[in-house]
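Taken from TrEMBL as is:
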- 162: active site, proton acceptor (ACT_SITE)
- 274: active site, proton donor (ACT_SITE)
- 163, 316, 349: divalent metal cation binding site (BINDING)
- 1-15: compositional bias 'Pro residues' (COMPBIAS)
- 1-20: region 'Disordered' (REGION)
Ligand SMILES: O=C(O)[C@@H](O)[C@@H](O)[C@H](O)C(=O)CO
(Lines of atoms letter the chains of each structure in order from A and count residues from 1; the text may use other names and numbers.)
(Lines give C-alpha, C1' and ligand atoms only; values in the text may rest on other atoms or scores of the structure.)
Protein backbone atom coordinates (compact mmCIF):
# COMPACT_ATOMS: atom_id res chain seq x y z
CA UNK A 1 0.00 0.00 0.00
CA UNK A 2 1.40 3.41 -0.86
CA UNK A 3 1.18 6.56 1.21
CA UNK A 4 1.80 9.97 -0.22
CA UNK A 5 4.10 12.35 1.59
CA UNK A 6 5.55 15.75 0.93
CA UNK A 7 7.31 17.87 -0.07
CA UNK A 8 8.42 16.82 -3.56
CA UNK A 9 12.02 17.53 -4.45
CA UNK A 10 12.62 20.08 -7.18
CA UNK A 11 12.73 18.84 -10.76
CA UNK A 12 14.91 20.40 -13.40
CA UNK A 13 12.45 20.48 -16.27
CA UNK A 14 8.89 20.27 -15.27
CA UNK A 15 6.41 20.84 -18.10
CA UNK A 16 3.72 18.94 -16.21
CA UNK A 17 4.08 20.03 -12.58
CA UNK A 18 0.60 18.66 -11.76
CA UNK A 19 1.87 15.14 -12.39
CA UNK A 20 4.33 15.14 -9.49
CA UNK A 21 3.49 12.63 -6.79
CA UNK A 22 5.70 11.80 -3.85
CA UNK A 23 5.25 8.49 -2.10
CA UNK A 24 7.32 7.59 0.92
CA UNK A 25 10.81 8.41 -0.23
CA UNK A 26 10.46 8.63 -3.99
CA UNK A 27 8.83 10.91 -6.50
CA UNK A 28 7.33 10.28 -9.92
CA UNK A 29 6.46 12.87 -12.52
CA UNK A 30 5.97 13.30 -16.22
CA UNK A 31 8.50 15.35 -18.10
CA UNK A 32 10.04 15.71 -21.51
CA UNK A 33 13.33 14.43 -22.88
CA UNK A 34 14.49 14.56 -26.47
CA UNK A 35 11.11 15.97 -27.46
CA UNK A 36 9.19 13.02 -25.99
CA UNK A 37 7.07 12.65 -22.89
CA UNK A 38 8.84 10.51 -20.33
CA UNK A 39 8.17 9.22 -16.86
CA UNK A 40 10.78 10.27 -14.32
CA UNK A 41 11.30 8.46 -11.06
CA UNK A 42 13.56 9.73 -8.36
CA UNK A 43 14.34 7.98 -5.12
CA UNK A 44 16.08 4.96 -3.63
CA UNK A 45 16.50 1.77 -5.60
CA UNK A 46 13.53 -0.30 -4.46
CA UNK A 47 10.61 1.23 -6.35
CA UNK A 48 12.77 1.91 -9.33
CA UNK A 49 13.61 -1.64 -10.08
CA UNK A 50 10.10 -2.32 -11.32
CA UNK A 51 10.18 0.39 -13.96
CA UNK A 52 12.02 -0.09 -17.22
CA UNK A 53 14.16 2.90 -18.09
CA UNK A 54 17.61 4.42 -18.01
CA UNK A 55 19.41 5.92 -15.07
CA UNK A 56 20.27 9.44 -16.14
CA UNK A 57 21.48 12.66 -14.67
CA UNK A 58 18.53 15.03 -14.97
CA UNK A 59 19.72 18.50 -13.97
CA UNK A 60 20.94 18.14 -10.39
CA UNK A 61 19.07 14.86 -9.90
CA UNK A 62 19.94 11.25 -10.54
CA UNK A 63 16.73 9.78 -11.89
CA UNK A 64 15.32 6.91 -13.82
CA UNK A 65 13.96 8.09 -17.16
CA UNK A 66 11.32 5.75 -18.51
CA UNK A 67 9.40 5.61 -21.77
CA UNK A 68 5.61 5.74 -21.57
CA UNK A 69 5.38 2.03 -22.27
CA UNK A 70 2.65 -0.39 -21.37
CA UNK A 71 4.93 -2.05 -18.85
CA UNK A 72 5.66 1.24 -17.11
CA UNK A 73 1.99 2.20 -17.14
CA UNK A 74 1.22 -1.03 -15.32
CA UNK A 75 3.88 -0.40 -12.69
CA UNK A 76 2.63 3.15 -12.27
CA UNK A 77 -0.90 1.87 -11.67
CA UNK A 78 0.46 -0.40 -8.95
CA UNK A 79 2.33 2.45 -7.30
CA UNK A 80 -0.50 4.97 -7.68
CA UNK A 81 -3.54 2.74 -7.15
CA UNK A 82 -6.00 5.51 -7.90
CA UNK A 83 -4.94 5.16 -11.53
CA UNK A 84 -5.99 1.53 -11.57
CA UNK A 85 -9.53 1.27 -12.93
CA UNK A 86 -12.12 0.10 -10.48
CA UNK A 87 -15.90 -0.24 -10.38
CA UNK A 88 -17.54 3.10 -9.59
CA UNK A 89 -20.91 1.82 -8.44
CA UNK A 90 -23.88 4.15 -8.46
CA UNK A 91 -21.97 7.43 -8.29
CA UNK A 92 -22.80 10.01 -10.93
CA UNK A 93 -20.29 9.30 -13.65
CA UNK A 94 -19.05 10.43 -17.03
CA UNK A 95 -17.26 8.57 -19.80
CA UNK A 96 -14.65 10.41 -21.83
CA UNK A 97 -13.98 8.36 -24.93
CA UNK A 98 -10.71 9.50 -26.44
CA UNK A 99 -10.10 8.15 -29.93
CA UNK A 100 -6.62 9.60 -30.26
CA UNK A 101 -5.41 8.79 -26.76
CA UNK A 102 -4.27 12.33 -26.00
CA UNK A 103 -7.39 14.03 -24.62
CA UNK A 104 -7.46 12.77 -21.03
CA UNK A 105 -5.53 15.71 -19.51
CA UNK A 106 -8.19 18.07 -20.90
CA UNK A 107 -10.92 15.89 -19.42
CA UNK A 108 -9.17 15.95 -16.06
CA UNK A 109 -8.89 19.73 -16.19
CA UNK A 110 -12.62 20.06 -16.85
CA UNK A 111 -13.47 17.74 -13.98
CA UNK A 112 -11.20 19.66 -11.68
CA UNK A 113 -12.81 22.90 -12.78
CA UNK A 114 -16.39 21.80 -12.06
CA UNK A 115 -15.51 20.04 -8.81
CA UNK A 116 -18.40 18.07 -7.39
CA UNK A 117 -19.16 14.43 -7.39
CA UNK A 118 -18.70 13.12 -10.92
CA UNK A 119 -16.60 9.97 -11.16
CA UNK A 120 -14.68 9.63 -14.42
CA UNK A 121 -14.16 6.89 -16.93
CA UNK A 122 -11.21 8.13 -18.95
CA UNK A 123 -10.48 4.88 -20.77
CA UNK A 124 -13.60 4.25 -22.79
CA UNK A 125 -13.66 2.87 -26.27
CA UNK A 126 -16.14 0.81 -28.19
CA UNK A 127 -15.00 -2.22 -30.12
CA UNK A 128 -16.12 -0.40 -33.26
CA UNK A 129 -13.81 2.52 -32.41
CA UNK A 130 -10.90 0.27 -31.52
CA UNK A 131 -11.23 -1.43 -34.86
CA UNK A 132 -11.37 1.84 -36.76
CA UNK A 133 -8.61 3.59 -34.85
CA UNK A 134 -6.40 0.49 -34.88
CA UNK A 135 -5.95 0.65 -31.11
CA UNK A 136 -5.93 -2.29 -28.73
CA UNK A 137 -7.79 -2.30 -25.40
CA UNK A 138 -4.39 -2.14 -23.68
CA UNK A 139 -3.39 0.98 -25.61
CA UNK A 140 -6.67 2.65 -24.74
CA UNK A 141 -6.20 1.89 -21.07
CA UNK A 142 -2.53 2.87 -20.98
CA UNK A 143 -3.08 6.16 -22.82
CA UNK A 144 -5.74 7.07 -20.28
CA UNK A 145 -3.36 6.16 -17.45
CA UNK A 146 -0.68 8.48 -18.80
CA UNK A 147 -3.17 11.26 -19.42
CA UNK A 148 -4.65 11.06 -15.94
CA UNK A 149 -1.17 10.96 -14.44
CA UNK A 150 0.05 13.91 -16.51
CA UNK A 151 -2.82 16.09 -15.36
CA UNK A 152 -2.54 15.07 -11.71
CA UNK A 153 -5.75 13.11 -11.29
CA UNK A 154 -5.78 11.72 -7.74
CA UNK A 155 -9.36 10.45 -7.57
CA UNK A 156 -10.73 7.05 -8.50
CA UNK A 157 -11.50 6.16 -12.10
CA UNK A 158 -13.15 3.45 -14.14
CA UNK A 159 -12.49 1.97 -17.59
CA UNK A 160 -15.33 1.22 -20.00
CA UNK A 161 -15.05 -1.54 -22.59
CA UNK A 162 -17.87 -0.15 -24.66
CA UNK A 163 -20.38 -1.87 -26.94
CA UNK A 164 -19.16 -5.42 -26.45
CA UNK A 165 -21.02 -8.05 -28.41
CA UNK A 166 -19.04 -11.25 -28.05
CA UNK A 167 -17.17 -13.26 -25.39
CA UNK A 168 -13.96 -12.54 -27.33
CA UNK A 169 -14.54 -8.79 -26.96
CA UNK A 170 -14.90 -9.33 -23.22
CA UNK A 171 -11.74 -11.43 -23.00
CA UNK A 172 -9.57 -8.83 -24.71
CA UNK A 173 -10.82 -5.97 -22.57
CA UNK A 174 -10.75 -7.91 -19.31
CA UNK A 175 -7.14 -8.90 -19.98
CA UNK A 176 -6.22 -5.24 -20.37
CA UNK A 177 -7.75 -4.29 -17.01
CA UNK A 178 -11.11 -2.78 -17.93
CA UNK A 179 -13.66 -2.79 -15.13
CA UNK A 180 -16.83 -1.42 -16.71
CA UNK A 181 -18.30 -3.62 -19.40
CA UNK A 182 -20.99 -2.27 -21.68
CA UNK A 183 -22.91 -5.13 -23.22
CA UNK A 184 -24.61 -4.33 -26.50
CA UNK A 185 -27.15 -6.94 -27.61
CA UNK A 186 -28.47 -4.74 -30.43
CA UNK A 187 -28.10 -7.48 -33.02
CA UNK A 188 -30.64 -9.48 -31.00
CA UNK A 189 -33.24 -6.73 -30.52
CA UNK A 190 -36.24 -7.07 -32.82
CA UNK A 191 -37.02 -3.48 -33.71
CA UNK A 192 -40.01 -4.46 -35.83
CA UNK A 193 -41.88 -6.00 -32.89
CA UNK A 194 -43.78 -2.79 -32.19
CA UNK A 195 -45.44 -2.80 -35.60
CA UNK A 196 -45.68 -6.48 -36.49
CA UNK A 197 -49.12 -7.92 -37.27
CA UNK A 198 -50.69 -10.32 -34.78
CA UNK A 199 -49.89 -13.25 -37.06
CA UNK A 200 -46.22 -12.33 -37.38
CA UNK A 201 -45.96 -11.76 -33.64
CA UNK A 202 -47.40 -15.20 -32.95
CA UNK A 203 -44.92 -16.78 -35.28
CA UNK A 204 -42.02 -14.95 -33.67
CA UNK A 205 -43.28 -15.85 -30.20
CA UNK A 206 -43.17 -19.49 -31.11
CA UNK A 207 -39.50 -19.19 -32.06
CA UNK A 208 -38.35 -17.58 -28.80
CA UNK A 209 -35.82 -19.59 -26.75
CA UNK A 210 -38.27 -20.31 -23.93
CA UNK A 211 -36.39 -23.22 -22.38
CA UNK A 212 -33.11 -21.36 -22.28
CA UNK A 213 -34.89 -18.43 -20.66
CA UNK A 214 -36.53 -20.72 -18.14
CA UNK A 215 -40.03 -19.39 -18.76
CA UNK A 216 -43.02 -19.79 -21.05
CA UNK A 217 -45.47 -17.52 -22.77
CA UNK A 218 -48.15 -18.33 -20.21
CA UNK A 219 -45.81 -17.73 -17.33
CA UNK A 220 -44.75 -14.41 -18.84
CA UNK A 221 -48.32 -13.24 -19.32
CA UNK A 222 -49.24 -14.28 -15.80
CA UNK A 223 -46.34 -12.43 -14.22
CA UNK A 224 -46.56 -9.20 -16.17
CA UNK A 225 -50.36 -8.94 -16.21
CA UNK A 226 -50.19 -8.92 -12.44
CA UNK A 227 -47.52 -6.24 -12.31
CA UNK A 228 -48.38 -2.80 -10.92
CA UNK A 229 -45.36 -0.54 -10.75
CA UNK A 230 -45.99 2.58 -8.71
CA UNK A 231 -44.15 5.47 -10.33
CA UNK A 232 -45.63 8.09 -8.02
CA UNK A 233 -47.40 10.12 -10.69
CA UNK A 234 -48.84 6.96 -12.27
CA UNK A 235 -49.01 3.22 -11.95
CA UNK A 236 -47.39 1.40 -14.82
CA UNK A 237 -49.14 -1.74 -16.08
CA UNK A 238 -48.67 -4.01 -19.10
CA UNK A 239 -51.50 -5.50 -21.10
CA UNK A 240 -51.31 -8.73 -23.06
CA UNK A 241 -50.26 -7.08 -26.29
CA UNK A 242 -47.55 -4.95 -24.67
CA UNK A 243 -46.13 -8.08 -23.02
CA UNK A 244 -46.10 -9.98 -26.29
CA UNK A 245 -44.40 -7.19 -28.21
CA UNK A 246 -41.85 -6.60 -25.44
CA UNK A 247 -41.06 -10.32 -25.36
CA UNK A 248 -40.50 -10.51 -29.09
CA UNK A 249 -38.47 -7.33 -29.08
CA UNK A 250 -36.20 -8.01 -26.13
CA UNK A 251 -36.14 -11.67 -25.04
CA UNK A 252 -33.41 -12.77 -27.49
CA UNK A 253 -31.37 -9.78 -26.28
CA UNK A 254 -31.98 -10.83 -22.68
CA UNK A 255 -30.63 -14.26 -23.48
CA UNK A 256 -27.55 -12.74 -25.12
CA UNK A 257 -26.90 -10.42 -22.17
CA UNK A 258 -27.25 -13.28 -19.72
CA UNK A 259 -24.72 -15.35 -21.66
CA UNK A 260 -22.19 -12.50 -21.83
CA UNK A 261 -22.75 -11.65 -18.17
CA UNK A 262 -22.06 -15.23 -17.16
CA UNK A 263 -18.95 -15.24 -19.28
CA UNK A 264 -17.78 -12.12 -17.49
CA UNK A 265 -18.58 -13.58 -14.08
CA UNK A 266 -16.44 -16.58 -14.94
CA UNK A 267 -13.39 -14.34 -15.17
CA UNK A 268 -13.34 -13.58 -11.43
CA UNK A 269 -12.36 -9.96 -11.85
CA UNK A 270 -13.86 -6.89 -10.22
CA UNK A 271 -16.34 -5.50 -12.72
CA UNK A 272 -19.55 -3.62 -13.22
CA UNK A 273 -21.99 -3.92 -16.04
CA UNK A 274 -23.83 -1.54 -18.31
CA UNK A 275 -26.58 -2.68 -20.62
CA UNK A 276 -27.04 -0.66 -23.78
CA UNK A 277 -29.99 -1.04 -26.07
CA UNK A 278 -29.70 2.52 -27.32
CA UNK A 279 -28.60 1.70 -30.85
CA UNK A 280 -31.88 0.59 -32.35
CA UNK A 281 -34.58 2.19 -34.45
CA UNK A 282 -37.43 1.68 -32.04
CA UNK A 283 -37.44 3.64 -28.77
CA UNK A 284 -37.62 1.68 -25.54
CA UNK A 285 -40.99 2.46 -24.01
CA UNK A 286 -41.22 2.65 -20.23
CA UNK A 287 -43.20 -0.62 -20.28
CA UNK A 288 -40.45 -2.30 -22.33
CA UNK A 289 -37.85 -0.94 -19.94
CA UNK A 290 -39.71 -2.59 -17.06
CA UNK A 291 -39.94 -5.84 -18.99
CA UNK A 292 -36.28 -5.87 -19.99
CA UNK A 293 -35.00 -5.03 -16.52
CA UNK A 294 -37.34 -7.49 -14.80
CA UNK A 295 -36.35 -10.36 -17.09
CA UNK A 296 -32.66 -9.64 -16.61
CA UNK A 297 -33.13 -9.57 -12.85
CA UNK A 298 -35.06 -12.82 -12.92
CA UNK A 299 -32.15 -14.44 -14.74
CA UNK A 300 -29.62 -13.22 -12.20
CA UNK A 301 -27.99 -10.43 -14.20
CA UNK A 302 -26.95 -7.37 -12.20
CA UNK A 303 -25.87 -4.05 -13.63
CA UNK A 304 -25.08 -0.49 -12.57
CA UNK A 305 -26.38 1.36 -15.60
CA UNK A 306 -28.74 0.89 -18.48
CA UNK A 307 -29.02 2.87 -21.70
CA UNK A 308 -32.54 2.70 -23.13
CA UNK A 309 -33.19 3.91 -26.64
CA UNK A 310 -34.86 7.20 -25.69
CA UNK A 311 -37.51 8.83 -27.86
CA UNK A 312 -36.31 11.45 -30.32
CA UNK A 313 -32.73 11.16 -31.51
CA UNK A 314 -29.45 11.10 -29.68
CA UNK A 315 -27.23 11.57 -32.70
CA UNK A 316 -23.47 11.79 -32.66
CA UNK A 317 -21.85 15.12 -31.91
CA UNK A 318 -24.97 17.29 -31.92
CA UNK A 319 -27.68 18.38 -29.52
CA UNK A 320 -30.83 16.34 -28.86
CA UNK A 321 -33.21 16.17 -31.80
CA UNK A 322 -36.84 15.87 -30.86
CA UNK A 323 -39.51 17.19 -28.55
CA UNK A 324 -37.78 18.06 -25.28
CA UNK A 325 -41.10 18.16 -23.39
CA UNK A 326 -41.91 14.62 -24.46
CA UNK A 327 -38.42 13.44 -23.56
CA UNK A 328 -38.86 15.12 -20.21
CA UNK A 329 -41.92 12.95 -19.48
CA UNK A 330 -40.28 9.75 -20.73
CA UNK A 331 -37.07 10.45 -18.90
CA UNK A 332 -39.06 10.84 -15.72
CA UNK A 333 -40.54 7.38 -16.18
CA UNK A 334 -37.24 5.76 -17.14
CA UNK A 335 -35.51 7.33 -14.14
CA UNK A 336 -38.24 6.20 -11.76
CA UNK A 337 -38.14 2.68 -13.17
CA UNK A 338 -34.35 2.61 -12.73
CA UNK A 339 -34.79 3.60 -9.10
CA UNK A 340 -37.64 1.19 -8.39
CA UNK A 341 -36.15 -1.85 -10.13
CA UNK A 342 -32.51 -1.18 -9.25
CA UNK A 343 -31.43 1.25 -8.25
CA UNK A 344 -29.23 1.64 -11.29
CA UNK A 345 -28.10 4.59 -13.36
CA UNK A 346 -29.61 5.73 -16.63
CA UNK A 347 -26.85 5.91 -19.18
CA UNK A 348 -26.93 8.59 -21.84
CA UNK A 349 -25.18 7.16 -24.87
CA UNK A 350 -24.16 9.53 -27.62
CA UNK A 351 -24.29 11.89 -24.68
CA UNK A 352 -21.93 14.43 -26.23
CA UNK A 353 -23.29 17.87 -26.95
CA UNK A 354 -26.83 17.17 -25.65
CA UNK A 355 -26.80 20.45 -23.77
CA UNK A 356 -30.55 21.01 -23.99
CA UNK A 357 -31.44 17.87 -22.08
CA UNK A 358 -28.72 17.59 -19.41
CA UNK A 359 -30.77 19.48 -16.81
CA UNK A 360 -33.73 17.17 -17.41
CA UNK A 361 -31.57 14.07 -17.09
CA UNK A 362 -29.98 15.29 -13.89
CA UNK A 363 -33.29 16.39 -12.42
CA UNK A 364 -35.12 13.11 -13.00
CA UNK A 365 -32.28 10.76 -12.18
CA UNK A 366 -31.24 12.72 -9.10
CA UNK A 367 -27.66 11.92 -10.00
CA UNK A 368 -28.23 8.25 -10.84
CA UNK A 369 -26.85 8.92 -14.29
CA UNK A 370 -23.91 8.11 -16.52
CA UNK A 371 -23.00 10.49 -19.33
CA UNK A 372 -21.17 8.79 -22.17
CA UNK A 373 -19.19 10.89 -24.64
CA UNK A 374 -16.58 10.05 -27.25
CA UNK A 375 -16.39 11.59 -30.70
CA UNK A 376 -16.85 15.11 -29.41
CA UNK A 377 -13.28 15.02 -28.04
CA UNK A 378 -12.00 13.96 -31.44
CA UNK A 379 -13.83 16.93 -32.96
CA UNK A 380 -12.01 19.22 -30.53
CA UNK A 381 -8.76 17.79 -31.88
CA UNK A 382 -9.92 18.59 -35.41
CA UNK A 383 -10.71 22.12 -34.24
CA UNK A 384 -7.01 22.46 -33.42
CA UNK A 385 -6.20 21.29 -36.95
CA UNK A 386 -8.63 23.83 -38.42
CA UNK A 387 -6.98 26.62 -36.43
CA UNK A 388 -3.33 25.68 -36.85
CA UNK A 389 -3.16 23.81 -40.16
CA UNK A 390 -5.96 25.00 -42.46
CA UNK A 391 -4.61 23.21 -45.54
CA UNK A 392 -4.43 19.90 -43.76
CA UNK A 393 -7.92 20.40 -42.38
CA UNK A 394 -9.31 21.16 -45.84
CA UNK A 395 -7.68 18.05 -47.20
CA UNK A 396 -9.04 15.93 -44.36
CA UNK A 397 -12.53 17.29 -44.87
CA UNK A 398 -12.40 16.40 -48.55
CA UNK A 399 -11.44 12.81 -47.76
CA UNK A 400 -14.12 12.67 -45.07
CA UNK A 401 -16.73 13.78 -47.58
CA UNK A 402 -15.65 11.12 -50.05
CA UNK A 403 -16.01 8.35 -47.46
CA UNK A 404 -18.99 9.63 -45.52
CA UNK A 405 -21.71 7.51 -47.10
CA UNK A 406 -19.75 4.35 -46.49
CA UNK A 407 -18.49 5.21 -42.99
CA UNK A 408 -21.85 6.35 -41.65
CA UNK A 409 -23.37 2.89 -42.11
CA UNK A 410 -23.06 1.76 -38.49
CA UNK A 411 -24.12 5.10 -37.01
CA UNK A 412 -27.56 6.63 -36.57
CA UNK A 413 -27.12 10.13 -37.88
CA UNK A 414 -29.05 12.46 -40.15
CA UNK A 415 -26.20 14.71 -41.34
CA UNK A 416 -26.21 15.40 -45.09
CA UNK A 417 -23.20 15.79 -47.31
CA UNK A 418 -24.82 18.42 -49.49
CA UNK A 419 -25.32 20.66 -46.49
CA UNK A 420 -21.60 20.86 -45.70
CA UNK A 421 -20.53 24.39 -46.73
CA UNK A 422 -18.55 24.21 -49.96
CA UNK A 423 -16.40 27.29 -49.54
CA UNK A 424 -16.30 28.00 -45.85
CA UNK A 425 -14.68 31.29 -44.93
CA UNK A 426 -13.99 30.24 -41.40
CA UNK A 427 -12.69 26.70 -40.98
CA UNK A 428 -12.93 26.41 -37.17
CA UNK A 429 -16.60 27.44 -37.44
CA UNK A 430 -17.20 24.22 -39.39
CA UNK A 431 -16.69 22.42 -36.13
CA UNK A 432 -19.91 24.06 -34.94
CA UNK A 433 -21.84 23.14 -38.07
CA UNK A 434 -24.30 20.26 -37.67
CA UNK A 435 -23.66 18.34 -40.89
CA UNK A 436 -19.92 18.94 -40.97
CA UNK A 437 -19.59 17.71 -37.39
CA UNK A 438 -21.33 14.48 -38.30
CA UNK A 439 -19.34 13.99 -41.49
CA UNK A 440 -16.11 14.36 -39.52
CA UNK A 441 -17.43 12.41 -36.54
CA UNK A 442 -18.04 9.13 -38.34
CA UNK A 443 -15.14 9.18 -40.79
CA UNK A 444 -12.47 9.05 -38.10
CA UNK A 445 -11.28 5.57 -39.10
CA UNK A 446 -10.67 6.58 -42.69
CA UNK A 447 -9.02 9.85 -41.70
CA UNK A 448 -6.73 8.17 -39.19
CA UNK A 449 -5.55 5.69 -41.77
CA UNK A 450 -4.43 8.55 -43.96
CA UNK A 451 -3.59 11.41 -41.61
CA UNK A 452 -2.65 9.87 -38.26
CA UNK A 453 0.92 11.10 -38.28
CA UNK A 454 0.39 14.78 -39.06
CA UNK A 455 -2.63 14.84 -36.79
CA UNK A 456 -0.72 13.44 -33.84
CA UNK A 457 2.18 15.79 -34.51
CA UNK A 458 -0.16 18.75 -34.37
CA UNK A 459 -1.66 17.53 -31.11
CA UNK A 460 1.83 17.39 -29.65
CA UNK A 461 2.86 20.80 -30.96
CA UNK A 462 -0.35 22.48 -29.83
CA UNK A 463 -1.03 20.52 -26.69
CA UNK A 464 -1.96 23.56 -24.62
CA UNK A 465 -4.45 24.81 -27.18
CA UNK A 466 -5.95 21.34 -27.53
CA UNK A 467 -6.32 20.82 -23.79
CA UNK A 468 -7.75 24.29 -23.26
CA UNK A 469 -10.41 23.59 -25.88
CA UNK A 470 -11.28 20.29 -24.25
CA UNK A 471 -11.40 21.88 -20.83
CA UNK A 472 -13.91 24.53 -21.92
CA UNK A 473 -15.97 22.08 -23.95
CA UNK A 474 -16.23 19.59 -21.12
CA UNK A 475 -16.98 22.14 -18.45
CA UNK A 476 -20.18 22.71 -20.45
CA UNK A 477 -20.87 18.98 -20.45
CA UNK A 478 -20.12 18.37 -16.81
CA UNK A 479 -21.44 21.43 -15.00
CA UNK A 480 -25.10 20.29 -15.17
CA UNK A 481 -24.12 16.99 -13.52
CA UNK A 482 -21.65 18.27 -10.96
CA UNK A 483 -24.27 18.90 -8.29
CA UNK A 484 -23.38 20.37 -4.96
O1 LIG B 1 -18.68 5.85 -31.52
C2 LIG B 1 -18.68 4.82 -30.83
O3 LIG B 1 -18.56 3.69 -31.27
C4 LIG B 1 -18.89 4.95 -29.33
O5 LIG B 1 -18.02 5.89 -28.80
C6 LIG B 1 -20.26 5.39 -28.97
O7 LIG B 1 -21.27 4.69 -29.56
C8 LIG B 1 -20.37 5.42 -27.45
O9 LIG B 1 -20.98 4.31 -26.91
C10 LIG B 1 -21.09 6.64 -27.10
O11 LIG B 1 -22.27 6.62 -26.98
C12 LIG B 1 -20.28 7.83 -26.97
O13 LIG B 1 -21.04 8.97 -26.93
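Glycine is treated like the rest: Cβ placed from N, Cα and C.
Keep in mind it's a predicted model, so treat the numbers as computed, not measured.
Annotated features taken from TrEMBL, shown on the structure.
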residue: 162; record: active site, proton acceptor; Cβ contacts under 8 Å, 6 or more apart: 95, 97, 124, 125, 126, 127, 129, 182, 372, 374
residue: 163; record: divalent metal cation binding site; Cβ contacts under 8 Å, 6 or more apart: 126, 127, 128, 182, 184, 276, 279
residue: 274; record: active site, proton donor; Cβ contacts under 8 Å, 6 or more apart: 160, 180, 181, 182, 183, 303, 304, 305, 306, 307, 347, 370
residue: 316; record: divalent metal cation binding site; Cβ contacts under 8 Å, 6 or more apart: 350, 352, 375, 411, 412, 413, 438, 441, 442
residue: 349; record: divalent metal cation binding site; Cβ contacts under 8 Å, 6 or more apart: 276, 278, 279, 307, 314, 372
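Contact annotation for recorded positions (162, 274, 349) versus ligand 1: 162, 349, each with CB under 6 Å from a ligand atom. According to DSSP, residue 163 (divalent metal cation binding site) sits within a strand segment.
A strand conformation is recorded for the residue listed as 'active site, proton donor' in the three-state DSSP classification.
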